[in-house]
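A.B. asks: Pasting in a structure now, in C-alpha cells, and then I'll have a few things to ask.
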Amino acid sequence: MEFQHKPVLLEETISNLAIKPDGVYIDGTVGGAGHSGEILKRLDESGTLIGLDQDEFAIKTSQEKLVQINSKAKIILVNTNFVNIKEVCQKNNIESVDGILLDLGVSSHQLDEASRGFSYNKDAPLDMRMDRRGELTAKKIVNEYGREEIKRIIRDYGEEKWASRIAEFIVEARKKKEIETTGELVDIIKAAIPSSARRGGPHPAKRTFQALRIAVNNELGILAKTIEDGTELLKPGGRFCIITFHSLEDRIVKDEFNKKVNPCICPKQFPVCTCGRKPEGVLVNRKPIVPKEKELEENPRARSAKLRVLEKI
C-alpha cells in the first residue's frame, strides 16, 4: 500500500524554513515525504536531510521516493520519535542544524488504514499507537484505567465537557464485556452524550479519540521536550517550523516559543532583569499561519492547521 499523505501548508512551510542548498534540515515527521521531498529539491550535494518517523511504514515508503527526488544530497532516515532528535544528530556527528520541521497531524494514511484504530469512522481494534513498538494502547486505557483517570484524560486532552459521563459509561460497559474495537467505543460515547448535544457540530467521538491518541503517544510531553532540544540544535538564523492541528498542541508550541523569545522570570515590578536569562529566538510571525481557502477546498483535513515559526538568535 502506498503511503497517502497530502502535506499541509506546504508552500508556507518551505518558504519559512528559508532553505540553504548546503544546509542541514530535520523533518521530524516524514510521513508520506511531502514536506521532505520539497526540502530535498532545494538541497545540493552538500546538503543533508534527516527524516524521522515513529511509523516504520512511513520510513520504508519514503526512502525510495526521496532518493528519486535527489540522489546527491545526504539522506538520513531513522525510525524513531522526533523527541530523539538530539541522539540522532549525535550518532551522525551533526552538531547543529539549519532548520527543523514538525507536522503534528495524524497522517491520512494512518487515519485511513483501519487497523491503526485512529478513526472513529471505521471499525477497528482499539490501538492508536503511532509507534507499534509501544506497549500502551487505547484498549488498555479504556479497559484498565480507573474512572477518574479516564475522565481526566478525556477532559484535559480532548477538552470534552461530557468527559465525566463518557468515563462513567466506559467503566459500566467494560463490566459486561471488554471494549475491543473503535466501533464499540463510539457506541458507548454516543450513549453517554445526550442526543440534544450531539446535533450539529463535529462527530461526538472526535474529542475522546483525540484525547486517547494523545495519552497513548504522550504527545504533549514529547512536544515540549522536542522544542527545548530542537532550539538548542539550531544554528543562529536557523528556523523551527511546527504545524499543529488542535488547540492543546498549539498552546504548547505558542508557550514554549514565547519562553524562547522572552525567558525572563523576574517579577514584573523589577525595573531591570536580574535573572540573567537571555532570549534564544524571535517569532517570525506574531500570529500563526493558516491554510488559504484554495488549500481547504482541496484538503478539508487542513482546516484546523496552524503553523508557528521560531528563528534562533
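Glycine is no exception: its Cβ is also placed from the backbone N, Cα and C atoms.
From Swiss-Prot, here are the annotated features:
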- Ala33, Gly34, His35, Asp53, Phe82, Asp103, Gln110: S-adenosyl-L-methionine binding site (BINDING)
A.B. asks: Return the residues near Asp53 (S-adenosyl-L-methionine binding site), defined as same-chain residues 6+ apart in sequence whose C-beta is under 8 angstroms from its C-beta, sorted by sequence, else 'none'.
C.D. replies: Thr29, Val30, Gly31, Ile59, Ser62, Leu77, Asn79, Thr80
A.B. asks: Write out the long-range same-chain contacts of Phe82 (S-adenosyl-L-methionine binding site), meaning residues 6 or more apart in sequence whose Cβ is under 8 Å from its Cβ.
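C.D. replies: Non-local contacts for Phe82 (S-adenosyl-L-methionine binding site): Ile26, Gly28, Thr29, Leu52, Gln54, Leu102, Ile222, Thr226.
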A.B. asks: Indicate whether Asp53 (S-adenosyl-L-methionine binding site) is helix, strand or coil by DSSP.
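C.D. replies: The three-state answer is coil.
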A.B. asks: Please work out the number of neighbouring Cβ atoms within 10 Å of the Cβ of Asp103 (S-adenosyl-L-methionine binding site), leaving out its own Cβ.
C.D. replies: 25
A.B. asks: Does DSSP give Ala33 (S-adenosyl-L-methionine binding site) helix, strand or coil?
C.D. replies: coil
A.B. asks: What is the Cβ neighbour count of Ala33 (S-adenosyl-L-methionine binding site) at a 10 Å cut-off, with all protein chains included?
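C.D. replies: Its Cβ shell of radius 10 Å holds 27 other Cβ atoms.
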A.B. asks: Using a 10 angstroms cut-off on Cβ to Cβ distances, just flag whichever of Gly34, His35 is the loneliest among these binding-site residues.
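C.D. replies: Comparing Cβ neighbours within 10 Å for the binding-site residues Gly34, His35, Gly34 has the fewest.
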